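These come from TrEMBL:
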ACT_SITE  A:HIS322  active site, GMP-histidine intermediate
BINDING   A:ASP76, A:HIS149  Mn(2+) 1 binding site
BINDING   A:ASN148, A:HIS149, A:PHE150, A:ALA151, A:GLU152, A:HIS266, A:ASN267, A:SER304, A:HIS322, A:GLY323, A:ALA324, A:GLY325  GMP binding site
BINDING   A:HIS195, A:HIS266  Mn(2+) 2 binding site
Amino acid sequence: MGNSLQGKPSADKVRVFANNDVWLEANAVAQLHTTAQLPHIHAAVGLPDLHAGRGYPIGAAFFSVGHLYPALVGGDIGCGMALWRTGLKAHKTSPARLEKLLGSQEGPLPQALLAQAQPELAALCHDAALPLPAAQLAGSLGSIGGGNHFAELLACEQLYAAPEGDGPADADAATTATTAVCAALDPKAVYLLVHSGSRGLGGAILRAQVEAHGHAGLAADTPQAQHYLMQHEAALRYARLNREAIAQRFLQALRSDGLPLLDVSHNHVLPATHDGLQGFIHRKGATPADVGPVLIPGSRGDYSYLVQPLPGCAAALNSLAHGAGRKWARSDCMGRLAPRFQASALRKTRLGSTVVCNDKALLYEEAPQAYKAIDSVIASLLEAGLVRLLARFKPLLTYKKGGQPCC
DNA sequence: ATGTAC
């Protein structure tokens with residue numbers, strides 16, 4: 001946990017936003033610096049959820065000029081968070097009741113919901129030549145996937161003082177979004193948070209890129225870059241549609257209507273201006289700070305925070321943490337936790353919430369112990385002047401995978 | 001992360 005690089009520029013173009021309480025592996029910081037040395041990269045930022053990935057770090061943002069790197073975005077193009085307010089009231093339900101209502105949400109999307117999504121699915125397939133057939137994309141729609149993806153029901157534990165409109169000065173739409181979301185917050189409501197991405201599509205797009213160009217990336221003014229950006233845009237739309245489909249099927253199971261509050265991707269590359277230069281911001285597990293309020297989830301056994309990005313985010317490539325960030329490698333979790341916890345014990349969390357996960361390996365890999373403390377991540381963002389807190393949520397039920405019980 | 005790939 002060498003934190004000597006935190007809080008100050010450790011190299012000309014690298015900055016890490018993390019206080020001394022945050023778990024930070026030297027390896028993750030090393031990956032950040034190595035990646036920052038790629039040609040055309042002008043600035044790199046590590047957020048407090050920074051952790052090591054396969055080659056490139058997660059919880060990081062990179063600004064490049066004249067060139068872009070599909071491999072930096074990774075295989076789950078468009079992965080992100082969608083937050084809905086349900087019609088349920090927290091005091092009238094319980095984790096056990098919610099678990100019973102939800103049952104298993106595996107398998108293809110109910111026909112009516114698929115039909116509802118079909119026009120947008122057809123449109124995004126029409127707008128870009130994609131490496132997967134439309135039928136496969138339809139088949140994956142409404143599926144959560146594996147890894148750290150989930151759908152979670154939460155109660156609002158605390159509302160903080162309402163903001164007074166001093167969000168980023170150049171972001172009227174963001175300020176409007178903040179006002180609208182704050183007006184929709186009901187302390188009694190149950191909320192639905194969906195974390196998922198573009199399923200097989202983003203991976204197929206990246207695979208084709210790596211096969212054609214390795215990790216060298218693409219010069220911005222080339223047909224190849226335009227081709228990738230078209231596919232990338234389709235993947236962003238597909239991931240968003242997938243989160244909406246997941247939310248709709250969960251709401252249907254809960255027999256509730258829902259109000260969408262936000263949908264924000266944290267894996268993407270977008271045109272941006274930084275230091276007066278036109279270029280691209282690559283976000284790899286980094287939440288954009290220029291689209292209004294965002295939700296930063298803790299682990300399934302921890303709180304989640306709705307925050308308003310502040311103007312100080314300009315120094316962080318307009319990026320924020322996308323969650324708590326892993327502390328332990330997936331491959332270490334079983335060995336560390338199996339001696340202390342039976343799988344069945346991991347189906348309950350310290351906050352009293354229930355975990356639906358009928359995949360034993362995943363139950364251990366995604367245990368709260370494998371993640372950083374969310375309060376250390378949020379404190380880092382607050383201390384750096386990057387966010388203001390809007391609300392704090394407590395998990396009631398985290399749904400990872402249904403089907404036959406594993407324990 | 002993945003309708004994984006070794």
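Backbone N, Cα and C define each Cβ position, glycine as well.
Quantities reported herein were computed from a predicted structural model and do not represent experimental measurements.
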So which of the binding-site residues is most packed in, judged by how many other Cβ atoms lie within 10 Å of its Cβ, out of A:ASP76, A:GLU152?
A:ASP76
Binding-site residues clustered about A:HIS195 (Mn(2+) 2 binding site) [Cα within 10 Å; pool: A:ASP76, A:HIS149, A:GLU152, A:ASN267]:
A:HIS149, A:GLU152
Lowest 10 Å Cβ neighbour count of the recorded positions A:HIS149, A:HIS195, A:HIS322 is held by A:HIS149
Want to know which recorded positions, from A:ASN148, A:PHE150, A:GLU152, A:HIS322, A:ALA324, are within 10 Å of A:HIS266 (Mn(2+) 2 binding site) at Cα; which are they?
A:HIS322
In whole Å, how far does the CA atom of A:ALA324 (GMP binding site) lie from that of A:ASP76 (Mn(2+) 1 binding site)?
18
Counting across all protein chains, other CB atoms within 10 angstroms of the CB of A:ASN267 (GMP binding site) number 27
Other Cβ atoms within 10 Å is the metric here; tell me which of the binding-site residues A:PHE150, A:HIS266, A:ALA324 scores highest.
A:ALA324
Rounded Cα distance in angstrom between A:ASN267 (GMP binding site) and A:HIS322 (active site, GMP-histidine intermediate) is 10
Among A:ASN148, A:HIS149, A:PHE150, A:ALA151, A:GLU152, A:HIS266, A:ASN267, A:SER304, A:HIS322, A:GLY323, A:ALA324, A:GLY325, listed as contacts of GMP, what is the widest Cα spread in Å, to the nearest whole number?
20
Using a 10 Å radius around its CB, how many other CB atoms surround A:ASN148 (GMP binding site)?
25
At the Cα level, what's the spacing in Å between A:ASN148 (GMP binding site) and A:ASP76 (Mn(2+) 1 binding site), rounded?
12
Could you find out if DSSP has A:ASP76 (Mn(2+) 1 binding site) as helix, strand or coil?
coil
